[in-house]
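Listed in TrEMBL:
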DOMAIN    27-61  domain 'B box-type'
REGION    231-252  region 'Disordered'
Amino acid sequence: MASAAAISRTPGGPGPAESEVACGWRCPEHGDRVAELFCRRCRRCVCALCPLLGSHRDHPVGLALDEAARVQKLTQQCLKQLEIKKQQEVGNRRQIEDAAEKLKAHAESSKIWLAGKFTELRLLLDEEESMVKKFVDKSTQHTLQVYREQIQACGEQIDLLNSLSNRVWSISQEPDPVQLLQEFTATEQEMKQQMTLGELCHPVPQSFEPIKSFFRGLTEAMQRTLQKPLDVRLKESRRNSMSQGPESEGRT
């Protein structure tokens, strides 16, 4: 059949190529006859006797040369289609390669962008930490100043009481009744004022628990968020963006 594919029919009888085929190909069932027909059902070359009396009886047959010419056209069409398909695949490969290069560049730029954002977050946290510590220091210094003033007031009151105690003791030891009465009368009003016990001092405590509670809650909220896998958080973010609609996306 390889030689038959190169044969073209010529009017007026078989040419040299046709004679060569007729001499070279014999029917497998009737070996003394030329296989000049093609059985379309069995897909093989047979002689003219096979569709009449042989195993290919009543099978659709045609001239082998006609079938070879048809096959030649089919092979040419197939070659053209294969070339088109190959070019498509070449284009597909080029597009995929371009997409891969763009993805690499996009990934690198995204990592640089993320590094900047994480740097901003760290700077914000550092600034927040510094601000909170300054607030604690300021509140502490203010409260300590109040405590110092209270301590000073207590010391002055102690000195006053010590001085009064010494004078009262001296009055109590005075042997002259008139002198004793005069000194007592001069001191009596002050003694009455100091005889009443003062209020106990209860320093107002300065607590930083509200600050600690706030940042404890903030830390726990961040930990709960970051404990979720990244892909889950991204899916939730996309769902939230879709549920909020295009207006919210335009604002972001």
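Sequential numbering from 1, following the chain as shown.
Here the Cβ of each residue, glycine as well, is placed from N, Cα and C on the backbone.
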Open item on the list: Based on DSSP, tally up the residues of the domain 'B box-type' (27-61) by helix, strand and coil.
Closed with: 0 helix, 8 strand, 27 coil
Task: Local confidence of the domain 'B box-type' (27-61) - pLDDT mean - done: 89
